[in-house]
Amino acid sequence: MGGCAGSRRRLSDSEGEETVPEPRLPLLDHQGAHWKNAVGFWLLGLCNNFSYVVMLSAAHDILSHERTSGNQSHVDPGPAPIPHNSSSRFDCNSVSTAAVLLADILPTLVIKLLAPLGLHLLPYSPRVLVSGICAAGSFVLVAFSHSVGTSLCGVVLASISSGLGEVTFLSLTAFYPRAVISWWSSGTGGAGLLGALSYLGLTQAGLSPQQTLLSMLGIPALLLASYFLLLTSPEAQDPGGEEEAESSARQPLIRTEAPESKPGSSSSLSLRERWTVFKGLLWYIVPLVVVYFAEYFINQGLFELLFFRNTSLSHAQQYRWYQMLYQAGVFASRSSLRCCHIRFTWALALLQCLNLAFLLADVWFGFLLSIYFVFLIILYEGLLGGAAYVNTFHNIALETSDEHREFAMATTCISDTLGISLSGLLALPLHDFLCQLS
């Protein structure tokens, strides 16, 4: 990886001299590199997903009729706003927040579909640079937008940044000890929590959405600094005892007679080998698709319709709280891998579908009387989604050979994007149907 700092002091090659070894220096160097990479991947996960999360948290503001031109003087309505659609029992925008979801996810889907075919031919450093530039551009474009269409173009830039970054950094984990996957996953969960919480907090404090978005321009700069200045060279990594212990318990996902090789050879895999690896990955891809379909159908199809009038929170504030609590659950579970390892992720998919059915029934029948019960369900929803993500990639890292791991990571990261895209496509007509109910 050309962009990572990785100079190392060589040991003396002098012969004939017996010197007293200093075994603690290499150990300290190894520990220092371990923590630099751990922090580096955590920050990369945080920065990569930050713009994506902020755009979803701002979805109601992007589409709201209560915004003024330029997003410069947004004022939250009172606790009982006049419905946008007076003939509906819901307080609906003319366009579902799923429209923002689709703009925030479809470019990512295209990138992830094409990534296994040839993205590995492009060096990592240019990919990271493009990702950072797109993230910064998304904040600026949405902040200064005077129309929903222009704002959605900014959301598309955030999607390109997040999608390109995710497939790049997950592939990059193949060159480092498997422990960095846990740090990356925790960072992406942190992006959800900090992104939603920062947008909620700054707008609650009185900043306009424009000022809030412009205040976040330091995040893309932090992403570039984490990659180019913090990560050590992967060639210097030594997996160590933890890796050996994990490999002894590994159950191969792909049966092969070929000996394992060092990661980095995915570009030499034949189409037949890629297809064989892909078929083995379906056991993990399908449940992750289902989990993300269910949770984002809730987030972008139902959040806007779960509106309680018997509370001091306005509709926009309720939507931001939903997003923040969901992301808090995601962060907690994505950071829990060392405490709880789940092999059978199908169970998480089933539980998430039950969440969807329950909240959809509440939207239809309106039997929940307190917003705080919905808060608990949404927090639980986030816990399930985060656990599915981190355990899926951890299981794949354990059960694929080194020569297949880079390709497997790049391929599996399409799972969440595919599920989110399907949920957005179905949430749009559902929104229109429910908002026409009197």
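Cβ coordinates come from backbone N, Cα and C, glycine included.
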Same-side flag (membrane), Ala59 vs Ser226, source Swiss-Prot: no
N-linked glycosylation site according to Swiss-Prot, picked from Asn49, Asn310: Asn310
Asn310 (N-linked glycosylation site) - helix vs strand vs coil (DSSP): coil
Seg_contact(the transmembrane segment (183-203), the transmembrane segment (347-367)) with at least 3 CB pairs under 8 angstroms, min sep 6: no
Paired segments the transmembrane segment (38-58) and the transmembrane segment (347-367) in contact, 3+ CB pairs under 8 A: no
